Amino acid sequence: MIPGNDTQDSEFLLQGLSMKPELQPLIFGLFLLMYLITGLGNLLIILAVSSDSYFHTPMYFFLSNLSFVDICFTTTTILKMLINIQSQRKAISYEGCISQMYFYMLFAVLDDFLLTMMAYDRYVAICHPLHYTVIMNPRLCGLSVLLSWIISTLLSLLETLLVLRLSFCTDLEIPHFFCEIKQIAQLACDDTLLNDTIMYFTAVLFGGGPLAGILYSYSKIMFSIHGISSPQGKYKAVSICASHLSVVSLYYFSGLGVYLSSATAPHNSHSSATASVMYTVVTPMLNPFIYSLRNKDIKRALKRVIHMVVINREIVLGLKQHS
């Protein structure tokens, strides 16, 4: 295809995780299972937090927002791949690809911000416990989430507009299972220097910035924990941070794995796609388990929500049988 105004009428081809037809049913079944577990697990977290006034605290407010973003994040990256495998087609329209890229960046940046806010919440809870309710007031929490949405929306819009100005050549195959911005830019016929510059600048600013905030918060937390004389006090402080620290490690180490795989094997983009599975699918799927594993209150709330769902289902089935 000749580059120019015809770009918007074109289709991209998502190569997925494997080119082997015999592996497609296995990939479909595995990713469908992970997608359902992710959606159900995070939805249960949201229902548990919203249904119990005990969880109406900053930590659980950020957690419910993180669960919502994780559901959207996974849906954005996985759903189209599942549809393509089921229909045995690899095509995604130009508009669909641009939309997927936009929402992927939006929810990825939101994940960064929410994890940073959760780290700050833990820092205030451990280092300034007497001023916790004053500092982490509902107004600050609400404004923090709102500001995160605004910044993420504007950043994603900027990156998308830069891609929209590009024209694409005849090779429109993306060696990935979703429309990742770097892979799309590599297919352009135009000069992508501006796109690459903005891309790396925003990655450092909005990826490295939140990470620096998280590391700073935990350095202060570790210093405070070291000063606690009581073993029970130390254990309680560590247990407060353990779940969040596990999620942060999973998210950033998997992102680092994607970067290293693309840097060490720039011509083998499938390795980058495989590494991307960790932070686009595995991490959102594990988040509900990590946060509920050592949290008795979350476990109790989840059991109550599941019990209510089962009872309501039995009532509905009973009404249908008598009607």
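Including glycine, each Cβ sits where the backbone N, Cα and C put it.
Lifted from TrEMBL, the feature list:
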DOMAIN    41-291  domain 'G-protein coupled receptors family 1 profile'
TRANSMEM  26-49  transmembrane segment
TRANSMEM  61-82  transmembrane segment
TRANSMEM  102-120  transmembrane segment
TRANSMEM  140-158  transmembrane segment
TRANSMEM  198-216  transmembrane segment
TRANSMEM  237-260  transmembrane segment
TRANSMEM  272-293  transmembrane segment
Beyond the flanks of the transmembrane segment (272-293) by 6 or more, those residues with Cβ under 8 Å of it: 16-17, 31, 34-35, 37-38, 41-42, 44-45, 63, 66-67, 70-71, 73-74, 77-78, 175-178, 180, 243, 246-247, 250-251, 254-255, 257-258, 261-262, 265, 299, 302
For the transmembrane segment (102-120), distant same-chain residues with Cβ under 8 A (at least six beyond the ends): 59, 62-63, 65-66, 69-70, 72-73, 76-77, 141, 144-145, 148-149, 151-153, 155-157, 159-160, 178-181, 206-207, 210-211, 213-214, 217-218, 244, 247-248, 251
The transmembrane segment (61-82) versus listed stretches 26-49, 140-158, 237-260: most Cβ pairs under 8 Å: 26-49
Long-range Cβ neighbours of the transmembrane segment (26-49) (under 8 Å; 6 or more residues past either end): 16-18, 55-56, 60-61, 63-64, 67-68, 70-71, 74-75, 78-79, 81-82, 85-86, 281-282, 284-285, 287-289, 291-292, 298, 301-302, 304-306
